[in-house]
Structure formats: C-alpha cells, structure tokens
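S.K.: Below are the structure tokens for one structure; questions will follow.
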Amino acid sequence: MIRRWPYVALTAVVAVAVAIWAIPELDQRAFFGYVPTNATPTMLPSLSLDTRVLPDSAKVMLLAAGVTLLVQVYSTAYMGKDRRYRSYALLIVLFLVAMIAVVATDNLFVLLIGWEVMGVCSYLLIGHWWEQPQSRAGAMKALVVTRFGDLGLLVAIVVIGQTYGTYSITGAWVGAADQGQQHGTAIGLLVLLAVVGKSAQVPLQTWLPDAMPGPTPITALIHAATMVAAGVYVFARLLPLYGNDTTVMTALAVVSGVTMLLAALFALVQHDLKRALAWSTVSQLAYMFAAIAAGAADVGISHLVSHGAYKALLFLGCGVVMHAVGTSALSAMGGLRTTLPATFWTMTIGFAALAGIIPTVGFFTKDRVLESIHVATHGETPLPGGVAWALLVVAYVTVFVTAAYAMRLWMLTFLGLPSKQHVEPPSMTWPLVALGVACLALSIGEPLDLDTAALSTLVALAGIAFAWWRQDADLPGPVQRPLAAELGLDHPITRLIPAGTIGVARVADAADREGIDVYPRGGAVLAGLVSSAVRALQTGRVQVYASVIAVGAFVVVLVGVIAR
Amino acid sequence: MSLPEAVFLILSAVAVASAVLAVGSHQLVHAALWLVVTLGAVAGCFVLMTAELLAWVQVLVYVGAVVVLVVFALMLTRSPTGSQSAEVTRNRPLAAVLGLLATVGLAATVIAGFRHERITGRLPGTAASIGDALFREWVLAFEVLSVVLLAALVAAIVISRSGSENR
Amino acid sequence: MSIPIDWATAGPAVIVATSALVALMVDAFWPRRSWFASSLPLLAGLVGGFVELGRTGSVDDVSAALTFVILAGTVLVLVGATVMSDEDSMPPGELHLLLGSAASGALVMVAARDLVTLIVAIELLALPSIALIGLRQGDRRGIASSWTFFLTSVVSTAVTLMGVALLYGSTGTLTYAGLSRELVDPAVPDAVVAVAVVLTLVGLLFKLGAVPFHAWVPDTYRGASVVIAGFLASVSKAGALGALLVLLAIGLSPVDDVWVPVIAVVATASMTLGNLAALRERDGVGMLAWSSVAQAGFLVAPATAVLTAEGLSAPLQYLAVYALANLVGFTALAVVLRTRGSTSYDTLTGLARSEPWLGVPLAFVALTLAGFPPAVIGLVTKYVVLRPVVDDGLTWLAVVMAVNVMLGLAYYLRLVVVLVSRPADEPDGITSRPAAPTGLATAAVAVGTAALVVLSVLPGLLIDHLP
Amino acid sequence: MPLLYPLLLSSALFGIGLYGVLARRNAVMVLVGVELMLNAVNLQLVAYDAWFAETLHTGQVLTLFVIALAAAEIGLGLAIVMAMFRATGSIDVDEADRA
C-alpha cells in the first residue's frame, strides 16, 4: 500500500506558503497598477531569483496552488491504487512549483525554465499510463506541439534581451516605457506563437483534446487551471512590450475569435464528456485572449481565475462520473442525478458557470470580457474597430453555443432514468464541494453592467432552450459530421495548416514508435547522405586521412588567399 | 654565376634526384641510402648558406642516427632485399597530384614574395653564435625540447615493448 | 651568466613536468609496482601547478584561465585513469610520465609568446599523446590508432612548420610581439603572408580536431583507452585552442582579413560535418568523438571575433564547460567499458535506471553539450559563443551555429533517451561483472557532475571568474 | 646567391616528401617521406636566416629544434612500426590500419 497523504501534506505546505506570499499582494486590482521605476539590468542570460508578484500574479498563483491541493486530495481516491502513485504525486508538486516560478519570476530565463519544466511534467503526466498507445501518442503530441511553440518563446526572449539590454521583465517594462515599444511586432508575434502552442489555440489546438487519455485529475490540473492558463498569463505579463502594436493585437483577436467559436462548436457535437470539456477549455481560453486583445488584460486574468475554478470542478466531476460509470462516453451516462447527488449539484453549478448563468462567477467574468470587447469597438485601443465588432459578434454567438453545449452535456449526463447505484468517495466529493462554493463565492463583489448582462443572459437562455429542444439529437448531418470530425483539422492536418505543424505532427507520430528519433528521421535523407559521405572517408587507412589533411590545407589556403 | 651558386645548383639537383629515388625506389634499403644522399646534399646547402653548425648536426643526427635507425627497422621488419611488386598504395594518383600541387603552390608563393632577394651571407651561424642565441633568447624552448626528447625516449621504449609478452 | 627564464610563463609547466619524472622514478624504484605510488607525485605536481599559478599568476588573464582549465582537466584524467589500475598491460609509471609531459606541453602552448616555443610545445603535447594512445601493450587497435594519430600529426606539424618558415621569411621574427609589429609594414609580401598564416594555423586546428583536419579523431578516440580519449578531447584541445586564441589575438592581429574567413569556414565545416556524422553513431565513445569535431567548430567560431574582448573570452568560457563535460562523459564511459565491456547504445540502454551514478551524469553531460535545460550552463555557453559572432557581423555564421545547435540536440537527446529508457530485456541481476577499481573514477564523475550542476544553477560563477 | 634557389629546392623536397608520405605502402618508407618534408622546412629556415643575417639567429635555432624534434618523431614512429610489426606481422600500411 502506498502512503498517499504525505504528498497531500507536501502540496498543502507549498499551497500555504503561496498563500502567505500572494495574499498580501492582492490589494491592488489592476494588472497595470504597478508602475516600475527602477530595475537592475542584467545583460548575460543570468538566472537571477528575483521575483515580482503583481496582484494578478497573486490571483493566478492562488488559483494554481488551490486547485493543485484539491487535485492532490482528489487523487488519493482516484489514483489510490496506481502503482506509480509516487512519481505521479511528486510530478504534481513539481508542476506546481514550476507554475509558481513562471508566474512569480522577474527573470525571463527562469520563466523559460519553468515553462519547459511544465511542458515536461505535463508530458510525463499525460503519458502516466504509458502502457496505452493513445496515452503515449497524446503525451508525445502535447510535448512536440507545445515545444514547437516554445521555440517562439526562446527567440522572443533573445529578442527582448537584445532590444532592451536586460532579461529582467521589469527591466524590459521600464525600457519599453522609457524608449517606447521597440520591435513590438516581432516580440509580440513570437510570444503569441508560444502561447498559442501552450494554450492550444488555433492552429496548434489539436494537442489538448488528444491529451485526454491522461488521468482525469491531471486534466483538471493541467488542462483547465494551470498550464494552459500559463499561456494567457505570460502573454498578459509581457503585454507592455507589444500592447500598442496593432498587428499583434489583430492577430490575437483573429486567433481568439476563430478558436472560441470553432472549439465551442466541436464541444457541441462531442459524444465524449471529457473531450467535450477539453474543447470547452480551448474555447474559454480564447475568451481570455479576446479580452487581452481588447486591451483589458486584467479582465482576461479574472476570467482565467474563474474558469480555472469551474473547469477544475467540471473535470473533477467528470472524473467521479468516469469512476462510477467506467467510461467517459456520454451514451453510457444518464440518470446520474440520483445516484451521484453531490456530483450532480456541484457540477450543475459548474455547468451554470460555464454557460454564464447568474449568479455564478462565470457569468460575471464572461460579461466583463464581453463588456471590454464592446469598449474596444469604440476604436480607442490598438485593436481596429472593425475587428473588434467582428470579435464581439463572434463572442456573443459563442455564448449561445457555449450555453447550448453546457446544457446538452448536463442533460445527457444527469437526466434520464437511473441505471444502477454508484458510490462517491468522500475525498473525491469534497474537493468538488470546495470548488462549487468557490464558483459562487468568487462572484461576490464583481461589478455588473446591466445592458451586457441582460443581452448575454438572453443569448445564453436561447442557447439553453435550443439544447432542450434538440435533446440528445445530433445536429443536421451536413453540420454534424464535419464538426464531429473536428473539421479534419487534426488528421490530414497536412492540407490545412502550414508546414511547421505538419512536420511536427508527423514526426511526433514517428517519434512515438521509435523512442525519440526525431531529427534523424525528420531530415533523414539529407543527413543520411552527408553523414554517409563523411563517414565513408573514415576508411581506417591513414594515408587517406593524411590526404584529407593535405587537401584541407590547400582549401583553407585558397580561402585565406582569395578572401584577402 | 659565382662558384657557390654553381655548387648550390649541383647540390640541389642531387638532392631532388635522390629524393625522388628515395620515395620511388622499390628496393627499400636502396631507398634508405638515397635518403642519405639527399640529407647529405641538404647539409652541403646549409654550409653554403652560412649554417656551419647545422650542417654538422645534420650529418651527425640524420646520417649518423636516423638513417641507421631506419635501416635497422627495415631489416627487423622484412627481408631486406625482397622487392615487392606494389610498393605504393592505391592512394598513389592522389598523392602524386597533391605532391605536385604542394611543390607548385609553394614555388609560386616564394617566387611571388622573394624573387628579387639575394643572400649575402654576412653572419655565419657558428657554434658560438648559435649557442649564444640559444641560451640568451630561446632558453625556455630549449628546456621544453629536453622534456620532449625525454618523453619521446620513454614513449618509444614503452611502445616498442608493446606486443612482447615478457612484461 | 644567469639563464633567463620567465617563471610566470614556465612555472606550472616545469613543476608538472618535474613531477611526471618523479612519477616515473617512483614507479621504477618502488619495490612493488603500484599504480597509486606513481600517481601521487603527479597529483602533487598538478596541485603544485595550481599553487604556482596562484602565486605568480601567468602571463595574462587568458593564459591563467587556460592554465587552470588544463590543470584541472589533467587532475580529472589522472583520477579517471585509475579504472585501468588493475590492468597488467597498462604500465603506470610510463602512463603518468607521458600524461604529465603532455599536460606540461599544453601548459607551455598557452603560455608561449613566440612560435619557436609554440612548435616545441606542440610536439611536447603530441609525442606523449601518441604514446598514450598506443600504451595498452599488445593491443592491436591501440597501436593502429597510435599510428593514425602519429602520421596525421606529423604531416600537420610539417605543414605548420612550413607556414612558420614562410612567416619567418616574410617578417624576420617569430615572437608574437615582433609579428604584430612587422605585419603592419606594407613591405611584407602579401601573398606569402596569407599562405604562411593559414599554414601556421593548420597544426593548431589539427589538434582541435576541426574539419578538414579531423580525420584522425574518430579512429583515435575509439582505439585509445577511453580516459585517454577524454584527455585528447579536453586537455589537448584546451592547449590548442588557447594557443590559437593567443596567436590570433596577439601575433596575427594585423592580418585578420586572412584568418577570419578561414576560421569561419573551418568552424562551419566542423560543426556541420561533425554533427551529421554523429547522427548515425550508435556508440557512446563514437558519438562523443564526432560530437567533439562539431564542438571544435563551436570553439573556434567565436575566434573570428577574437580581437574584441568578448571574442577572446567567449571561447574560454565555452571551453571550460565543454572540457569538464567531456571529461565527465569519457570517464563515465570508461567505467562502463570496464564493467560492461562495451559502450554501444545497446549496452547503455537503461543505464540511468540500473546505475544512476553513471547514467545520470552521462545524461547531464549530453544535455550540457546539447545546451538544453536543465543543464543551463550548456545553454549559457552556447549563447556566449554566439554573441560575439553576431556582434562582429558574421550573421551567416551565427545562423549556421544556431542550426547546428538544433542538429546537435538530436543525437544528444537520443543518448539521453537511451540512458533513461527501459532495457528491452532486464539484465540478469548478477551477471559476471569483472570487479574493476572504479570507485575513484566514479567519484570523479560525481564531482564533475556536481560542478556542472552548480554552474547550471549559478552560471555567474563561470561568467564572472573567467576573463 | 639568389634567395630563390634554396626556396625552390625546398618546395620541391616538400612536394616529394608529401608524395612519399601519402603513397608509400611500407610504414618505414612513409617515415622517410616525413623526413624529406621536415628537411624542406629546414632549408627555408636556414635560407631566410642567412638572408636576414640577424644576430638572434631565429631561423637556425628553430632549424636546430626541428632536427631534434624530427629525431624524436622518427624514433617514436619507428617504435610504433616495430609494435605494429609484432602485433600484426606486417608493416604494410594498407593492411595494418584496417586491423
């Protein structure tokens, strides 16, 4: 028997430390309330341990620590009999530490390291059940796709360092404030590439749903509350370096608009609860990016926190359901209202928050996102007015679709006739209760704009009514089929999305079969040829070597003489 | 053309011819002996270029020691008179091209750089003057050289002992 | 008449060479031949070298740093060599003498300020190295490797000497100071100088194992005992790189229009060919051999900017980390070879699981050489060598370097994967492993890895303390 | 005497030596080629030294060193040849290296 509670205690210690550290920072509300004045420039890629916790960083840290703690508690029941529990639990703690490093640090290289460690942890956790082929495939896909995005972050960091002469985030802020944003477009687009990968936005969205074979608590932790959120957070954190750049903001708006609607539609037609929730995450992340594109980073972070709470709730609830039913297929569910009462009530709150029903926190933060996009249509932000209008329309349509799929999932899971009796282990239900309470409690004191609230509620109710009307019927075939196939964006990714992703996806596949043979296979032909040629000269005959040296001497002499 | 020049040219011709024979001869011992001729001719050139001490060193070290070693090695490793049909490797065409290129390239270089210069020979390199320079300016190099010789000695001993079983 | 010797130049080298001689004597006259009895004097000599370095310093900061790297590297080799201490075919006294002589040769190389001393020092490094490669008695492969290295080395020395002769003919002097003074003179024949400079560099590039003077590297590294291969890959390269940097920065600074393109081309060829050849390697030592060809490219690339302060210090910092990582890697492989009889990837599979004391350091070394976090120091030094190249305006070379970093990732990470993956069939718990004296070498591996980890956490230690 | 005479002689010897090193099958003969190359270098050094007529005699000193180094090299080289002969029974360069 593996002793499980020490890991919970360890997580709790970290969480308490985070709380003690972060709570005093919460007093300011605005992300940009902090005006940096002085910064010590560090030119070399040093790894200073400086931290800078802003109010919104504190929120994200508290969210991460809280959800991690609950997940750890939950896992004692969910994963209790797993023989690799020890590495699982420790990886979760490592993951939290990396997340905190990303959120709290003031040094871009520490940020990069934390970012990479998160990627590796998530790889290992998704692939926790590596005996299953789809687990391995999903894990490898997540690693390779996010790593592709990570290249963007690495290059962005170097560009920032070269532009502002420092690798301190605060230092770069000061630089951008003093001399104006330089190379904003380049930096912004590079960071965008990174976060698009990490937060699973179009066109690098495919890894997140495929990561679902991982343990469900991990899904709740990584793919709802922390890792994907880190993408949003980092983009907001570095915003002062490119926030005025129209190109970057427009690109962000386009990415988020496309992603939010597309992912919501995918969620609407899923027959798998967990996968539907995964697409829902992608869609909600796009909301956060939309808020940032509209120039309201703090609104985006608020939605991040609220989404973290209710999506963790939903995933953990989904875990209870899967634990009871034994599968995540919606067809196997139904009638769980009476057999899993605690799960039913808490998940109802979760779905309400997802659909944006008052008085849950999801309602308020989503409304603020809509409100901020509305403000952006006045044309006072770097986002062009037309783009903002389009984004606003898409966002409202997405509200409709979101409410519809939330209702649909809720109905299919809980309504109907009970099948047989199930059990809810207490250590799995009380994290749900805690999160359910949080979903309601966090809405206390949130501001309310009546016009937006009325409109969005109307739209959401329409969506719910739509779902009630359709019941569990699929959409009409011509709509249903391509959406259920996720527009084919995943499989023959080859035709729709530019070269980079293709190679990555293919290589990921090959890599999975061969261990890691990534590059040798990627560049097999050229490398193979040259490599053979180089090695063909290694005949073992000394005089051939000496000849090579002599020829080489001639060549370099020619280089020297000609270059002169 | 002065007498030293004429002598130098003759020595040069001898050196080149014997060098060609040294690398070309099929009789290995003959090749070693042709090497002696080349080295002797070079020693003669040294004398003509004011390097008296070096000429003596050349004769003593090379002719007296190195060539003897070479001949010994030849005798120890194969039958001294047996000529072999293929005394060269398959690498020969490439080697010929490279050798020719080296000669032409170096010749072109020195012709480009020094075609108008003449040696007047004002300052002979006697044992005294070389010794003076050696111990005034090049002491460190000299000391290092002594370590090189010692290390090479030990290295040669330990390597040549290799393969014998009686260690 | 007092003999003028500049002790700042010669101090550590003289101490090390003397102690090497003592090591031989101890071995010869000690009643029972013992490995450790003869290694102690050399160890003492190396420590004495450190003391001397601290006491008098060296000619300048660059040479002092190189001296430090060479001494430290030799200490690691000396400790690592104890894995061979129970082999009858390995004579301890001779080994220690040759090791000490070669090390002192490297020391003189970096301290030399004239080409005469440099040539002699190169030979002092080369001749004992040749013998070290073929030292294992009765080993055909060792002798064949030794011959390979000997012949290529002799040819490259002859070419270098021709360059030196031409350089002497053009300027009339062979001291670095004299060269930099005379080369400014418009009267020197341009064509001769160009040929002379390039030919002179051949010998040093050969020692570095840079393409196209690399042909000896794979055969020699495979044929020599693994620890000696580590010596060639670290200490020997440190000497060559140091000499190259000093020569370019001081002696040949006026003719940088000749050697900058040469160095750039050589660096490009080394990185690319070395990496490509390493891709197909399925053997630990072979991979490190080809990778050292590629790394030679990274070492010399920043030398294109050696006339700037950064261009001079960047290769040093890279070298320090590279040498340490390589020594740890080779020493670990030497232990593996002793205990498992092979260093092929099949043998190494799962090493990090079954023998974490060797497998984890090896994985860390691979990450360091790749420049991949968590081995941050590898990443830092990659950046360090890239920067002067960019600043100097050789953007194409920087791009080549960046591409090669990616290429390198492939085979280094494959080694890591091999090390951590599960062996296909679990090796029987108690196979007949020959008992080998691997304790000290394993300890050296641990210490070296610890140093790398510390540097990864605090890269400032390296960046601030090297010039 | 024109400086060019010894220099051209040196060039010729260097090329011949290089050919010998690269082409000869017998390891001892390869060493003979090496000796020729080094002698070529020596000729140049001595020629320049005589031409400059400097008191330091840099050229002749280096020549002295090169002769000594060549002796050391040849000694070690022959030792390796002997070891090779004992190990393989042949000093045929083509065969020995593929062993």
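Using N, Cα and C of the backbone, Cβ positions are placed for all residues, glycine too.
Features from TrEMBL:
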type	residues	note
TRANSMEM	A:7-24	transmembrane segment
DOMAIN	A:57-88	domain 'NADH-Ubiquinone oxidoreductase (complex I) chain 5 N-terminal'
TRANSMEM	A:60-80	transmembrane segment
TRANSMEM	A:87-104	transmembrane segment
DOMAIN	A:106-373	domain 'NADH:quinone oxidoreductase/Mrp antiporter transmembrane'
TRANSMEM	A:110-130	transmembrane segment
TRANSMEM	A:142-164	transmembrane segment
TRANSMEM	A:218-236	transmembrane segment
TRANSMEM	A:248-269	transmembrane segment
TRANSMEM	A:313-336	transmembrane segment
TRANSMEM	A:342-365	transmembrane segment
TRANSMEM	A:386-407	transmembrane segment
TRANSMEM	A:452-469	transmembrane segment
TRANSMEM	A:544-563	transmembrane segment
S.K.: Counting only residues 6+ away from its ends, which parts of the chain sit with a Cβ under 8 Å from the transmembrane segment (A:248-269)?
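M.R.: Contacts with the transmembrane segment (A:248-269): 184-185, 188-189, 192, 196, 201-202, 205, 209, 235, 242, 276-277, 279-280, 282-287, 289-290, 292-295, 381-384, 387-388, 390-391, 394-395, 397-398, 401-402, 404-405, 408, 474-475, 480, 483-484, 486-487.
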S.K.: Would you kindly list the residues that approach the transmembrane segment (A:313-336) from elsewhere in its chain, counting only those six or more residues past its ends and only Cβ-Cβ distances under 8 Å?
M.R.: 70-71, 74, 78, 212, 216-217, 219-220, 223-224, 270-277, 280, 343-344, 346-347, 349-351, 353-354, 409, 412-419, 422-425, 428-429, 431-432, 435-436, 439
S.K.: Look at every Cβ pair spanning the transmembrane segment (A:218-236) and the transmembrane segment (A:452-469), keep those 6 or more apart in sequence, and say whether at least 3 of them are under 8 Å.
M.R.: no
S.K.: Under 8 Å between C-beta atoms and at least six residues away from its ends: which parts of the chain pack against the transmembrane segment (A:87-104)?
M.R.: 4, 7, 10-11, 14-15, 18, 21, 51-53, 57, 60-61, 64-65, 68, 71-72, 75, 79, 110-111, 113-115, 117-118, 121-122, 124-125, 128, 215, 218, 221-222, 226-227, 230, 233-234
S.K.: Quick test of the contact rule: Cβ under 8 Å, at least six residues beyond the ends. What residues does that give for the transmembrane segment (A:386-407)?
M.R.: 250, 253-254, 256-257, 260-261, 264-265, 267-268, 276, 280, 283, 287, 290, 293-294, 351-352, 354-357, 366, 369-370, 373-374, 376-377, 379, 455-456, 459-464, 466-468
S.K.: Which whole-number mean pLDDT does the model give the domain 'NADH-Ubiquinone oxidoreductase (complex I) chain 5 N-terminal' (A:57-88)?
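M.R.: Mean pLDDT across the domain 'NADH-Ubiquinone oxidoreductase (complex I) chain 5 N-terminal' (A:57-88) comes out at 81.
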S.K.: Could you give the residue numbers and ranges of same-chain residues that sit at least 6 residues beyond the transmembrane segment (A:60-80) on either side and whose C-beta is under 8 angstroms from one of its C-beta atoms?
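M.R.: Residues 2, 4-5, 7-8, 11-12, 14-15, 18-19, 21-23, 53, 88-89, 92-93, 95-96, 99-100, 103-104, 215-218, 220-221, 224-226, 229, 233, 301, 304-305, 308-309, 312, 316, 319, 323, 425-428, 430-431, 434-435, 438 contact the transmembrane segment (A:60-80) from elsewhere in the chain.
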